[in-house]
C-alpha cells in the first residue's frame, strides 16, 4: 500500500522508467513507445496524486520536450487548443451562476412551483441541474457548489439529519437522487463536464470527425431526458423516504426567494449571456461561429456589465488548473496519435477480435469502458487512459465512426454513478453521512443499468433517426 506522497511519486516514476527501457515492440517507432511510457506514468500520477495533477501534467509535458520525444511546439500544442479555452470559458459561466446567486434562484423558483412532495423535490433539483449544466463544466461546481448546499439545507428544514437516526426521513433520498441526476446531466452537453470536451478532441484525432456542441447535444438530449424523467422515481423506489409529502417546501423556497430580493442586474447579465451562448452554441453548424469564441465574447459581456470582475477571472483556480492538466493531457494524447501508437494498438486488438460482429465489438467495448470505472477515481483520468484506444479499436473492427465516438463518449458522465469516489461530487454527497457505502453501490449499479439502456439502447436508434450515423 502506497501511503506517502513520496512513495506514490517514486512508484509513478519507476513505472515510467521501466516502460521506457523495455524493448520497443515490433511495428512501433522508439519515440512512440517512449511517448507511451510518459503517458502511462502520467495517468498513474493522476490516479495516485503524489502531487496535484496539474503538476503531474506539467512535468510530463516538460519531459516530452526535454527527452526529445516531441518538439517543443508539439509538447505545448494542447495549451493552445480551442477546446481547452472553451472549458475555461464555461468555468467563468459557472462562476457567474454561483457569485450572483442565479443558480440558487433558479432552484428556488422551480421548487416554489412544484415541490409539494419528496418525489417532486427530487424532480425540481433535477430540472435545476439540467438548466445550469450547459454552463458548468465542473460537475463538482454544479453538484457540489450549487445544488449540494440547497439539498443540505432542505434536509435540515425537514429535520432529517445524518447522525440522529433521521437520515432516511428525506435526506437519504434527496442526496442519492440529486447525485444520480448530476451524473446524467454530465453526459448531456460538451460543456457540462470537462472530460466531454476531451472526448471531442480525441474523437477528432482518431477519426477526423468534428463533434460540435450542437451535434453532441442533439445526440444526448432524448436519451438524457428519458433518463432524467425515470431516475428520481427509480431512486424513490430504491430509497423511499419516510416523509413523502412536503407541503412546506414551496413556502420555504418562496421565503428564500424573498430573502434574495428581486433579480439583480448582475443576475440578469449572467442570464442574458448564458441564453445567448446556448443559442449560438446550438447553431454553430449554421452560423460557422466557433464555440470557444462565443464563450469568450459572452464572458467579455459579463465583464463589461460588471457581473464578473477581472479578479473573478484570475482567481478561478478550477479553470486555470484544468487548463494546465487537460492542456498537458491533450498534448500527450495528440503525440500518441501522431507517432502512430493509437493506430498500432488498435490494429493489434482488432486483429484478436476478428470474426466478431462490429456492433458486438462496440457493445463489448462500451460495457468494459463503463464498468472498468470501478478502478478509477477521476472521469478525466479514465477518458485519457481508455477512450482513444477503445474508439480506435471499434473503428478498426468496422463499427461506424460517429456511432462509436458518441456511444463511448456519452458514458463519460454516467459512469460517475458507480462508486462514492468515481467523480468529483461523489465524496461530497457521500461525506454528508446520509448514504452508506452499500446503499451507494447498490443504487449506483442499478442506475448504471438504466443509463446504459437509455444511452446505448434508445440512443443509437435516435442517432440513426437524426442522421448522425
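Cβ atoms here come from the backbone N, Cα and C positions, even for glycine.
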Where TrEMBL places transmembrane segment among the ranges 342-361, 362-381: 362-381
Transmembrane segment range according to TrEMBL, out of 75-94, 95-114: 75-94
The transmembrane segment (443-463) touching the transmembrane segment (362-381) per 3+ Cβ pairs under 8 Å rule: yes
Cβ contacts the transmembrane segment (213-236)/the transmembrane segment (443-463), at least three under 8 Å, sequence gap 6 or more: yes
